[in-house]
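To start, the structure under review is shown below, and the notes come after it.
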Amino acid sequence: MEINALTITTLYIIGISAEGMTGALAAGRHKMDLFGVIFIALVTAIGGGSIRDVLLGHYPLTWVKHPEYIILICFCALVATKIPRVVTKLETLFLTLDAIGLVVFSILGAQIAIDQNHGFIIAVAAAVITGVFGGILRDILCMRIPLVFQKEIYAGIAIIAGAIYYSLIIWLELNALVCTLLTLFIGVFARLLAIKYQWSLPIFSYNEEK
């Protein structure tokens, strides 16, 4: 089963818009110029999907096939630079949008793996790569340890979303739209709970004794 084109497009636009704005804000916190802001926004929004497509041999890359998405991301980045205080005050909204973006990208990653007849493990891996690697690249370019590696249950949500989506659409053979909506609801709800209650994985701290 495949998600219909309209659903894919809608989800993708939501995802890249949210991630583009969060990327722009991250660049602003590090006092980057306009080129830096736009570049970080682009990397955040389409970096994970690009890595996934290269690894899976899925061509052309989505933004190459639809360059209008680049324009949309640039626009969202510019909007974020004009109203940073408004965006910051709407923290709850953007945390929600970020959660939606994470789960949306995870669903799309899993679906592309499914379209290529890959199994469960590759579908979940594609979900994680699509969902979190844009943020990893963003943090590396901003010269900080990626948040996904140290504080938050972020990759875990991508794993859960990919696993749920694959299970529903392949093993239970439910309608694609139903699978998408269920995965989106569960994934976003879990992510927001993790933020509210500050859930995190155990931290490994090692100090070498001299």
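Backbone N, Cα and C atoms are what each Cβ position is placed from, and that goes for glycine too.
Note that the structure is a prediction, hence the values are computed from the model and not measured.
So that you can see what the record holds, here are the features copied from Swiss-Prot:
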- 31-51: transmembrane segment (TRANSMEM)
- 60-80: transmembrane segment (TRANSMEM)
- 94-114: transmembrane segment (TRANSMEM)
- 117-137: transmembrane segment (TRANSMEM)
- 153-173: transmembrane segment (TRANSMEM)
- 175-195: transmembrane segment (TRANSMEM)
> Based on Cβ pairs under 8 Å, which of the stretches 31-51, 60-80, 175-195 lies most in contact with the transmembrane segment (117-137)?
Replying inline: 31-51
>> Using a Cβ cut-off under 8 Å, which residues of the same chain at least 6 positions beyond either end of the transmembrane segment (175-195) come close to it?
In response: 1-4, 7, 11, 95-96, 99-100, 102-104, 106-107, 152-154, 156-157, 160-161, 164-165, 168-169
> Which residues of the same chain, at least 6 past either end of the transmembrane segment (153-173), have a Cβ under 8 Å from a Cβ in it?
Replying inline: 1, 99, 102-103, 105-107, 109-111, 114, 120, 123-128, 130-132, 135, 147, 179-180, 182-183, 186-187, 190-191, 194, 199-201
